[in-house]
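Notes to accompany the following structure.
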Amino acid sequence: MEPVFLFLILAFPIASVYLLFYHKKRVVGLSAPPGPPGLPFIGNFHQLYKASSTHEYLWSLSKQYGSLVTLRMGSVPILVVSSPKMAKEVLQTQDLIYCSRPAMTGMQKLSYNGLDVAFSPYTDQWRHTRKFCTLELFTQKRAQLNFRPVREQEVSRMIARLSETAAASKDVNAYEWFSNLATCIISRVAFGKRYDEDGIGKERFQRMLSEIDAMFIGFFVSDFFPMFGWIDKLSGMRDRLDRTFKDLDMFYQELIDEHLKPNRLESPTEDLIDVMLKNEGSSLTKDSMKAILLNVFNGGTGTTATVLAWAMTALLRNQGVMKKAQEEIRSVIGKKGKVDEDDFPSLPYLRAVVKETMRLYPPAPVLVPRETMESSIIGEDKDHMYMVKPKTVVYISMWAIGRDPKTWKNPMEFVPERFLERPDINYKGQQFEYVPFGAGRRICAGINLGVTTVELALANLLYTFDWEPPAGMRFEDIDDETTNGLALQKKNALYIRPKKYMFP
């Protein structure tokens, strides 16, 4: 039985008893931000669970209650932030209070009890790990010497294979192609091995990525209702999590063992495992390395493929933008044959297309949850100040912020020109109307790797091919419906047909 349904069967009788005997005490002083009324014991659990789209539901709450909304999932208080001003308050002004992470069951287990950099609570260990990632793994020098050749080789390889598909007049599943590209780049960068389109290795790798996602978004009763934690065992979720962890740990260990072999052929460039093994010590154990690999795999593959799929969706739905982007790229590159990273400064419209894609279709519609470490006072103005308790989970809705008409003119339209008018807006978490990768202490450490891959791939896709919908389908038939989850996936797969562009 699904853990959610099993929990609900048991929870409602308890909620009824709770309602009979519970009398809310009067609280003196500042109150929590407003929000929809919940039920005793379960809070707003039933409302969130029945919502077909969590990010759409949170957006609707911001329209009704404002930029700060209070929810409760069982014993866990939740704060939803939906404006640039309040995002700045959380991500910058009071960052130290809001910079921890909730210790969610799935994330904690797969990150070796919080040894990673993305999901770990704010601890001394996290600070050491973050410093190592910033100063050793994702430096600008390493991006140029180690990452760039891999990116350019894998994008060229994808373009060559797509050219064969175009010659055969076949349709392609865009996300599958982009996912394969991202997987090949990340696997080569991380451990010097490509997991290709076919074969047992690729199947195993993709299966593990799928299980990681399932465990991250899966419902563990113990996260919200600790007294019912035993349901996780009864429902099978705990056993599934243990199996997933065991499989991942074995996979990581195999990779590390391969790198430790004395007769291993030396690669001309270091991969991330090489770098980590050279820095192994008290604050960087093998478990820490495995936890970092989790972040690289999970964050690097899905985000790149998702953004590329949404970029192509938006361009196909907006043919004028598509044509303008292609004209820019082809006029700059000419008959050189491909776009490389040195060409980026001459392609401002292309880069604006990527930014606009992540505004309208943010890779994470709700940023990875934060958790307050102490009480906080927050509000839009002095007449609307609220108290936020310690251990409150904080959701920052990029879906709502990117669609805010107070910030963006015609927010539902795909208009890359808005970023040409605001060249100061970047990915560094400095303008809080646009923070697709977060900001402050928790900003994504691998921004440059991900964004550069998207820009390089998209530029070459638009340079080399014209794009059409499948036979019998019109451009206006391409939808932008979304699924529910941590990442903003397309509900319906995007099938498109490449047609090789021939210069006159």
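Residue numbering: from 1, along the chain as shown.
Here the Cβ of each residue, glycine as well, is placed from N, Cα and C on the backbone.
Annotated in Swiss-Prot:
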- Cys444: heme binding site (BINDING)
- 363-368: region 'Substrate specificity' (REGION)
- Ala118: site 'Substrate specificity' (SITE)
- Gly299: site 'Substrate specificity' (SITE)
- Thr303: site 'Substrate specificity' (SITE)
- 1-21: transmembrane segment (TRANSMEM)
What average pLDDT does the predicted model assign to the region 'Substrate specificity' (363-368)?
-> 96
Sort the residues of the region 'Substrate specificity' (363-368) into helix, strand and coil with DSSP and give the three counts.
-> 0 helix, 1 strand, 5 coil
How long is the line from the C-alpha of Ala118 (site 'Substrate specificity') to the C-alpha of Thr303 (site 'Substrate specificity'), rounded to the nearest angstrom?
-> 14
Work out how many Å separate Thr303 (site 'Substrate specificity') and Cys444 (heme binding site) at their Cα atoms, rounded off.
-> 12
Using all protein chains in view, find how many other C-beta atoms are within 10 Å of the C-beta of Thr303 (site 'Substrate specificity').
-> 26
